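Per Swiss-Prot, the feature active site, charge relay system maps to HIS77, ASP128, SER224, HIS341, ASP382, SER477; the stated evidence is similarity to another entry. Marked as disulfide bond by Swiss-Prot on the basis of sequence analysis: CYS62-CYS78, CYS158-CYS230, CYS187-CYS209, CYS220-CYS249, CYS326-CYS342, CYS443-CYS463, CYS473-CYS501. If you look up Swiss-Prot, you'll see 24-273 marked as domain 'Peptidase S1 1'. What Swiss-Prot lists as domain 'Peptidase S1 2' is 294-525, and the listing cites sequence analysis. The feature region 'Disordered' is assigned by Swiss-Prot to 27-46. Taken from Swiss-Prot, the feature signal peptide applies to 1-23, supported by sequence analysis.
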Amino acid sequence: MRQSWRPELLIVGAVVVIEGLQAAQRACGQRGPGPPEPQEGNTLPGEWPWQASVRRQGVHICSGSLVADTWVLTAAHCFEKMATAELSSWSVVLGSLKQEGQSPGAEEVGVAALQLPKAYNHYSQGSDLALLQLTHPTVQTTLCLPQPTYHFPFGASCWATGWDQNTSDVSRTLRNLRLRLISRPTCNCLYNRLHQRLLSNPARPGMLCGGAQPGEQGPCQGDSGGPVMCREPDGHWVQVGIISFTSKCAQEDTPVLLTDMAVHSSWLQAHVHEAAFLVQAPGVVKMSDENSCVACGSLRSAGPQAGALSQWPWDARLKHHGKLACGGALVSEVVVLTAAHCFIGRQTLEEWSVGLGAGPEEWGLKQLILHGAYTHPEGGYDVAFLLLAQPVTLGPGLRPLCLPYADHHLPDGEHGWVLGLTQKAGINYPQTVPVTVLGPMACSRQHAAPGGTGIPILPGMVCTTVVGEPPHCEGLSGAPLVHEIRGTWFLVGLHSFGDTCQSSAKPAVFAALSAYEDWISNLDWQVYFAEEPEPEAETGSCLVNSSQPASC
């Protein structure tokens, strides 16, 4: 695997080595013989003295790293469904450059005990780390670990090792792999651009990622459990992550998922007292990859304020013959969603233009698709799909909203935001209006004429009522109904009928976007669907040895 990135020196600040007991008294993270900087290609003998091959009955299963003279750190998923009595069949080979067999000078040590976090259930859920206690100490150099407050150099180049996948030789050799360290939000953003639900938001709390070099292959099968390492200015190498999983072999746009060492540092310190943990000196400049991938549903500001003029980066303003006719929402670089009723009797594309975000630029339309079942707003299916004539460039001022999947949860009483129109100096401006979701039966009753029955609120509809004092505004057809879940904003509705600005009048009724997942997906234009973000999880631990069951 040829590597093409230029090496970048990683400078993140001064480091103090907090020494533990015996193992940490010698220098951790000191790379072996070789050039001052690692080189892409085959690993040199002794270059990474802490590199471990974790084997079962002599066969390589996973990689690992020596973090104390009797402890090896690896991935928990390497030991799934393992019976306690099988510990004797496992061993660790240190100093070998061959995946099978041993290089000259390599050392093989047995495994006495295995520790797993309590929180570990499956590698995709996080907490994918394990500690192997060796049967006797080794003299190999150990790898440094980070303190919980360690700031990772996101966007910078770090290193991993992987077993060469481009050879048919059974005994694969160890190679150096340069990886770009990627934060969890950016990693999820990259995976969500693949538009595959099974791959959406894979980076859970307690994870980070590593991206391969452009056009090159990163860690692969057999590399699980191996360390991802960053170099400090004083020469210490610190393990920032454990290779956990990836989609096929890691590529630039499908990063490898890593177990975050800083998040799990307290757990490690509680179990490996001899390891050396690094703490960074005050004043370290944080490195960020925040702008390297524009995620759907992300806001750089604090969020909307009631009555404020809209500055949302996904707002769409649909103009017919130059006059504002409807609202809408940007859901990808080329797609805007709005209400179908906006185009009844006026479907000539050249008559329309679309403004986006807060900027003055306008886009033409290349294609217009109305839902085939639409007849009138009260009958449902009031959704239109607009394909822009030219793609937009996403950035701080232009970001798409996330679309909900069919099982997206939007309970009655949920808070959200809609847009109305307010006039200032004779000019219409979109105004943010806080709302709550109203149940279908209550919504139907409020739409009833005096003494009559209400209109049916169909399953593909959602109603809202204004929170607090009704604002001075008018409704805008096709305007988005949005709500936020743990920092991610979703497009949950498009205004169809009713009044978005008046709580005492008929409630606003929206086309519920979760009901249109299949219709939107079948149009075969990529848009940004997203899973609901999960809450943060805590980590714990348990010991697996001769006295406790492997399922602990």
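Glycine too: its Cβ is placed from the backbone N, Cα and C atoms.
Just so you know, the Cβ of CYS473 (disulfide bond) picks up 24 other Cβ atoms within 10 Å once every protein chain is counted. As a whole-number mean, the pLDDT of the domain 'Peptidase S1 2' (294-525) in this prediction is 90.
For the region 'Disordered' (27-46), DSSP puts the residue distribution at 0 helix, 2 strand, 18 coil. Of the candidate recorded positions, CYS209, SER224, CYS326, HIS341, CYS443, the one lying closest to CYS78 (disulfide bond) when CA atoms are compared is SER224. Long-range Cβ neighbours of CYS501 (disulfide bond) (same chain, at least 6 residues apart, Cβ-Cβ under 8 Å): GLY420, VAL433, VAL466, PRO470, PRO471, HIS472, CYS473, GLU474, GLY475. For CYS326 (disulfide bond), other Cβ atoms within 10 Å of its Cβ number 23.
Each of the active-site residues HIS77, HIS341 was scored by how many other Cβ atoms lie within 10 Å of its Cβ, and the smallest score goes to HIS77. Spatial neighbours are here defined as Cα atoms within 10 angstroms of one another, and by that definition the neighbours of HIS341 (active site, charge relay system) among the recorded positions HIS77, ASP128, CYS187, ASP382, CYS463, SER477 are ASP382, SER477. Distance noted between the C-alpha atoms of HIS77 (active site, charge relay system) and CYS187 (disulfide bond) is 21 Å. For ASP128 (active site, charge relay system), the nearest neighbour among the recorded positions CYS62, SER224, CYS230, CYS342, SER477, judged by Cα separation, is SER224.
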